[in-house]
Amino acid sequence: MSDPADRPRLAAVIGWPIGHSLSPAIHRFWAEREGVNAYYVPLAVEPSYEAFARACDALAGLGFAGCNVTLPHKEDALAYAVRASRRAAAAGAANMLTFGPDGAEADNSDIPGFAQALREALGETAPGGKAVVLGAGGAARAVVLALAEAGYGPILVANRSPQKAAQVASLAAAGEAVPWSERAKVLSGAKALVNATSLGMAGAPPLDIALDALPDDAVVADLVYAPLETDLLRRARARGLAAADGLSMLMHQAAFGYRAWLGREAKVDGALRAALEAAIARRRRP
Ligand code: NAP
């Protein structure tokens, strides 16, 4: 009989839809590089708490170590967990569940993932100062908390729906909601601009914002990663500004799950980026 210790390590990503997710490609890349016997499975789970809880119960029962969670289940993940990290509780959303004998533990690696992407883009430039966040969905929550932890303030949040802007701004002591129509005006003196809306994504309307008011030492981050080089990043780079793309955050947030569930060496480097860029290019072929 084969040794049960040889059984593959298992993890999943749950969302609706899920076919577009790059997470399986990221985890496969790391497992192959490390020679780890591991599977990371994309699961489409319909948008209800009951369906989500059923799926998680089944995964835990089958011996899965954990799962990533994406739209629309990030709040369900927090509700399902028996314990949550400080940062997941602060965000009110989790993108990671780790299954243990007494239940699931929730975490939010979007927060340190975004912080790492920002550090990479900034290089030697000191973080801090005024920041402007566009959007007030789940991703914007992680961005606001990461910016606050990195010492940015004031953190201005502009969103099409103003009530959501106020909610997300209130996550940080230095947060402040501003009208969506003021988004270009408030860039004056800002050291960071982050697009956390879905604007600029393939198939979505463009993000309409002039970057003229940003100072030369500002960093511009776009969470959208399809396309990788968004119009916002192209214009930021044309101005000589530091820039972080959505793939950078995606790779860094994934490292936390890989280390917790599947292996050890979750290095974010040029080889991983090249593999993912190739995967994105393959998808865009007719
Ligand atoms: P979400 O919760 O659905 O939020 C979407 C946001 O986009 C909301 O603020 C929404 O404004 C805004 N929006 C949508 N259509 C708009 C329009 N026509 N005009 C103005 N605003 C509009 O989604 P999410 O999870 O926060 O994700 C947001 C983006 O981040 C997506 O592109 C997603 O792919 C990306 N993301 C990237 C990573 C990464 O690792 N790179 C991680 C998470 C998310 P309203 O509130 O007014 O509807």
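Every residue, even glycine, has its Cβ placed from backbone N, Cα and C.
Among the candidates GLY103, GLY200, GLY246, the residue that TrEMBL annotates alongside GLY135, ALA136, GLY137, GLY138, ALA139, LEU223 as binding NADP(+) is GLY246. Binding of shikimate is annotated in TrEMBL for SER21, LEU22, SER23, THR70, ASN95, ASP110, GLN253; the matching candidate from TYR49, TYR225 at the same site is TYR225. The DSSP breakdown of the domain 'Quinate/shikimate 5-dehydrogenase/glutamyl-tRNA reductase' (128-198) into helical (H, G, I), extended (E, B) and coil residues amounts to 26 helix, 23 strand, 22 coil. Taking DSSP states H, G and I as helix and E and B as strand, the domain 'Shikimate dehydrogenase substrate binding N-terminal' (13-96) has 38 helix, 17 strand, 29 coil. Looking just at the domain 'Shikimate dehydrogenase substrate binding N-terminal' (13-96), the mean pLDDT is 97.
Proximity to LYS74 (active site, proton acceptor), defined by a C-alpha to C-alpha distance within 10 angstroms, is shown by the following binding-site residues from GLY135, ALA136, GLY137, GLY138, LEU223, GLY246: GLY138.
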